[in-house]
Amino acid sequence: MQGTRRSAPKGRAARCSADDADMAHQEADRRAKLFSRPDEESHWQAESLTAPRDSQSTERQMRISSPRLTLQPAFSAASKEAMASKGAKETIVSKLGFKSSSSASKAEAELERVRKENAHLRRKIDELAKRHIKPPDSDKSKLLERILSLETLRERNNQQLLVKEQELETMRQQLSARGGEVVKSLQSQLEQRKKEAEQRDSLFQNLSQETENLKNKLASVSARCQSLETQVVNGQAPLSDSARVQDQLRDALEKNQQWLVYDQQREAYVQSVVARTMELEQQLAQAKQQQTKPEASSEVSTKCPAAEESDLKSHYQQLLSTMQKDLESQKDKTARAQLELSVQREQALKAQAELQCQKEQVTRVQEELLVLQRKYEEKCCELSASLRRYQEKSKELEEIRMQLQAEQLGNRSAAHEERKTMSEWTDRLRAELENVNTRLEEERKRSAELLLQVNSLQNSLLSQNEEHRRIAALELQIQLSAKDFEDEKIDRQSMQQQLHKVLKELRKARDQIAKLESAKQPNTRFSEPSSYNKLEFERLTLDDPYGTTSPTKVINLLDESFLECPKCRAPYPTSRHRELLAHIDYCLT
């Protein structure tokens, strides 16, 4: 355990150094990818400066000190050439009449950024050199020097390309500003004309839609009027609400006349019945008078026979009963006739009310017809006015179309002339750009070759670093395994000592048990030791100090005693001491 703890800081230091080396390699790969990206706008780039042939001689001026790898780049010749090329470029631009404004400031900013990145990489390499115990080999230092020189050359070329691109952009902007004012003015005029034409087209479409809607309304109204006129001419009643109302009025008038005739007949019948009842009442009064007369005559002449009196009484009584029956029947008939008259009068009143409602409906329908006729006349006037407006607007639209056609012809001729001038100008610019592109392609080929060399060197460095890492990891594993083996030996020795101690304690315990049993034998008179106690005693006896008992007995005795982990207090029998050691290693790490 102590050996593993001692080896831990060494392993951590090796891991830190390996992690730092990985970070440095990742940074180098990232920079290589960034610089290996092709420019997207290659055909619009400016004139390229031819790279100096003696760039390798300037690259070799980069020096690396052996312990700390201090880099000393030399930019004197490259900076002089860049300044000379920049001065030539500025003279060309001044002859053409353009001004390069922000190209120099941007180039300086990019150079400062590249210098900062180089300084950061140098610091990382210095840190890695400090952490490594062994100094780097001469081959490795040469490779690093070569890689850094190639990267600086590549960055310098990229900076030159950026400067040229910026100069080209300024030239383009100035060209567009020179011939773009006229084009912009013409374009603005064309856009205004197009907007006016679109507005006129929209107005024309709206007017055409309105005229179509009015035409449809006029057609529907004219069809309705024609149908009404045909019906009036032919004398046919229209199948509408007014015709139905008129039919209902006619039926109601006929029914009213029939009811009036019936009422007159009923009134004549009732009058006849009333005259008949009056006659019967008069006859009754006469019969009563006649009855009183024979009574007076009977008082005078009491000498009449009794048979004649009885006959007269019976005759008069029959006449009275018949007259009374006729009166009652006549009264019933008169009551019934009066009831029927009241019902007929109520029905006549209802019919009159219905007639009045129908008359009101007829008047309403007639008023609605008048309103419709007035609306029809108004619509006809509106349609005539809309037709006049439509004709006027169509004339205006034709005039506007003629004007637009004339303007479009004039604009086309002007645009054709401008296109000719612009095409000539663009042809010249394309020829210049083709020359610039050929030079750029040559420089790109050179940079691609340099990139291939850098990549090959980086791959070789990576393979060497991986081999060194594997060797270091194997050495660490061997050291750790040797220390673990020594720790196991020490643990075994300590366990053997503990086992000897435990066996001594067991012997002492057996001796004490034997003494106790020998002391108990004289006290127990009638009891004898059982076979089980004898067997246990035989198991516990040990003749020689090293234990001549069988291995199974020793394992059983070891299982009876337990050992504990010093950290988590987990119990383990003494026979499983190896598992306890593995548990302690796991628990303490």
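Any Cβ shown, glycine's included, is placed from N, Cα and C.
TrEMBL tags one of the stretches 240-267, 492-519, 548-575 as coiled coil, and that stretch is 492-519. The coiled coil annotation in TrEMBL falls on one of the ranges 204-231, 288-315, namely 204-231. TrEMBL lists region 'Disordered' for one of the ranges 286-308, 424-446, namely 286-308. Shown for the domain 'TSG101 and ALIX binding' (246-279): DSSP residue counts in helix, strand and coil, namely 34 helix, 0 strand, 0 coil. Only residues 6 or more beyond the boundaries of the coiled coil (204-231), in the same chain, are considered here, and those with a CB under 8 A from a CB of the stretch are 237-238, 376, 379-380, 382-383, 386-387, 390, 393, 397.
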